[in-house]
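Below is one structure; the comments refer to it alone.
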Amino acid sequence: MESGTVLLESKSSPLNLLHEMHELRLLGHLCDVTVSIENQGVHEDFMAHKAVLAATSKFFKEVFLNEKSADGTRTNVYLNEVQAVDFASFLEFVYTAKVRVEEDRVQQMLEVAEKLKCLDLSETCLQLKKQMLESVLLELQNFSESQEVEASSGPQVSVTPSSKASVPGEDAHSNGLVDSSDYPIERLGNGLSPETPSKKCKEKLDKKKDVAKPPFPKIRRASGRLAGKKVFVEIPKKKYTRRLREQQKSAEEAAENDKCPQDQSPDNERMETEPAAKSEACPASVELEESLQKVEGEKEEEEGKDGEEKKKSNFQCTVCDKAFLYEKSFLKHIKYHHGVATEVVYRCDTCGQTFANRCNLKSHQRHVHSSERHFPCEMCAKKFKRKKDVKRHVLQVHEGGGERHRCGQCGKGLSSKTALRLHERTHTGDKPYGCTKCDAKFSQPSALKTHLRVHTGERPFVCDECGARFTQNHMLIYHKRCHTGERPFMCETCGKSFASKEYLKHHNRIHTGSKPFKCEVCLRTFAQRNSLYQHIKVHTGERPYCCDQCGKQFTQVNALQRHHRIHTGEKPYMCNACGRTFTDKSTLRRHTSIHDKNTPWKSFLVIVDGSPKNDEGHKTEQPDDEYASPKLSDRLLSFGENSHFNNLLEVQGNVPAVQENSSTGAACKAVVSQDALLTTSISALGELTPQAVSMPAHLPSLTNME
């Protein structure tokens, strides 16, 4: 005999499952996706589970199913149209099926639900907005009734029947409301005496009195949530108000049909149908109607508006002639109603540069073209463009930076105890985090995580402007400043701004004269570590960069780039004082000293776009001034890292000009002595050797540029 089947069903299992998934997310366990929110300069990462997001949001489901990589590694999703606080509430809802938000954020959560295509959250928001609207309608109705009760001097009042119909399924007596069908209704007009109510209406009134109900019950608030505080009403969109009107109209018609029997006199029928007309004149109804029309006018401009309102409508649909005040509403309309997908170009009106989104455009306009500084420091009255610049200024200048957490060995100040503990590992050499694929070890887990991307080739951070990919998020942030032109880090000494804090730190060594990096071979010091690395190649003889046209090798990539300009003839750097062009900045910098010796810091640099220009006919502003040949000076400066060029003495006696192929095509003259010219001619302008330094004492050296 076969046994029957039984159904094993647990009602608590879904709730327990959600609870456990929520706990796993909070602890960061088994999370396989990171959602990065970057909106209005605020960046925040949220860890979650793909399965939960895909099950609750069609947007994430499409993203994850369309992924090319199915290796199970953690992926990153970037959202820039959602605020971090709204997405945090969204995550709490999908993991717990509930979330507590402020009343004025319900509309924001509805928009987030529509963007992420979360039907459950969307339905919840719509239901809540409907309840809020119904409570507001009851509030307005109660207020109008209380005003009528106070103003009425007779024992009978007219009550609009729409109050009961506005909240279907709710008992009006339980809320202390008056049922208009149970009380006689009078209308005074044109000096006529009031009509006598019907007998059946009187009987109903007597029955109500027998229940010990006062003829004018005390009107109280229909919603305990609204009692005792001022209500800020957010009227919903047009489709919800239209639906509410239809429900209200159908309820009024039903109230008119059921109010009195068909055998009543025409006078009573007229008397029973007049409350509908009177309800139109009710102050609450008029006020509600005006508010609804006002909201409809804000959401969707209608054809009957005057000239001023039409001017405010900046965007108009050519298909249905609807006008919109905001570009976002217009683009959403043509996309969902007419199926037109447009590509929006965010372009700066000042410089014409384009951006991927509006946030980058506003950031560019605010920090590049605008010189306004609205945020002053309370201690020194210095002004800044952003609030966080003020905070950083106060911390670094007035509060002594990281003095509160200072390293006992090197004296470096850190911003927190955690940063101090990690910094101390640089002295102890403790590196507890080792790579499983190589022998590399690190003192911080984040450094190990970044290192592993070298083996996997993962570059999860993508620039939406040019498509460049990076292994770390801060590298992407620095890169984006190349597109926006933002330079938020300013030098407190000279006011120069930089795109990254590292560049500012390198720049500050110019003012302090600090050169912490020393070569162990020749004991020469450098301000930057990269400069030391490049210098070490002088001792090792390493020249990894080779010219593909002539085979010459170089120690630095920028030296190879300068060398390439010899073959191409490109001279992209022009002096804005005399128009002369040069192949590199260093030659231009030496040249500009002839224009203004007293201000060596002044920049005459102009970067020339396109192909090299023919600069024939360009001469210096002072034709009597003669300056050294760039080619000769370049060779001299290449010796000994420019260490001897400043020691050259000025001698008397001019010689004929030394011809060279300069950017102007004109002859350049050098102020040298006869013996110096003879010496350079013998060496054929070759590269000087250490023996050349020990030349006879009677041979003077080259002079200054003049």
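Heads up, the Cβ atoms here are built off N, Cα and C, so glycines get one too.
The feature compositional bias 'Polar residues' is assigned by Swiss-Prot to 149-165.
Per Swiss-Prot, the feature compositional bias 'Basic and acidic residues' maps to 197-212 (among others).
What Swiss-Prot records for 242-277 (among others) is compositional bias 'Basic and acidic residues'.
The domain 'BTB' annotation in Swiss-Prot covers 31-103. Each residue of the domain 'BTB' (31-103) gets a DSSP state, and the totals for helix, strand and coil are 29 helix, 19 strand, 25 coil.
The region 'Disordered' feature in Swiss-Prot is assigned to 149-220 (among others).
What Swiss-Prot records for 242-308 (among others) is region 'Disordered'.
For 315-337 (among others), the entry in Swiss-Prot reads zinc finger.
Residues or ranges marked as zinc finger in Swiss-Prot: 346-369 (among others). Within the chain, the zinc finger (346-369) has long-range Cβ neighbours (under 8 A, six or more residues past its boundaries) at 38-41, 80, 385-386, 464-465, 480, 483-488.
Beyond the zinc finger (375-398), the same-chain residues lying 6 or more positions past its ends with a Cβ under 8 Å from any Cβ of the stretch are 366-367, 488, 490, 492. Feature annotation from Swiss-Prot assigns zinc finger to 375-398 (among others); the stated evidence is sequence analysis.
Secondary structure of the zinc finger (405-427) per DSSP, as helix, strand and coil residue counts: 11 helix, 4 strand, 8 coil. Here Swiss-Prot flags 405-427 (among others) as zinc finger.
Here the zinc finger (433-455) has Cβ contacts under 8 Å with residues 422, 425-426, 471-472 of the same chain, all six or more residues outside its ends. Look at Swiss-Prot and you will find 433-455 (among others) tagged as zinc finger.
Residues or ranges marked as zinc finger by Swiss-Prot: 461-483 (among others). Confidence over the zinc finger (461-483), given as mean pLDDT on the 0 to 100 scale, stands at 87.
Long-range Cβ contacts of the zinc finger (489-511) within its own chain (Cβ-Cβ under 8 Å, at least 6 residues beyond either end) map to 389, 393, 396-397, 478, 481-482, 527-528. Among the features that Swiss-Prot reports, zinc finger is placed at 489-511 (among others).
Look at Swiss-Prot and you will find 517-539 (among others) tagged as zinc finger. Within the chain carrying the zinc finger (517-539), a Cβ under 8 angstroms from the stretch's Cβ atoms is held by residues 506, 509-510, 555-556, 641, all 6 or more beyond its ends.
Within the chain carrying the zinc finger (545-567), a Cβ under 8 angstroms from the stretch's Cβ atoms is held by residues 534, 537-538, 583-584, all 6 or more beyond its ends. Taken from Swiss-Prot, the feature zinc finger applies to 545-567 (among others), supported by sequence analysis.
For 573-595 (among others), the entry in Swiss-Prot reads zinc finger, with the evidence type sequence analysis.
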Residue counts (helix, strand, coil, in that order) that DSSP gives for the zinc finger (433-455):
11 helix, 4 strand, 8 coil
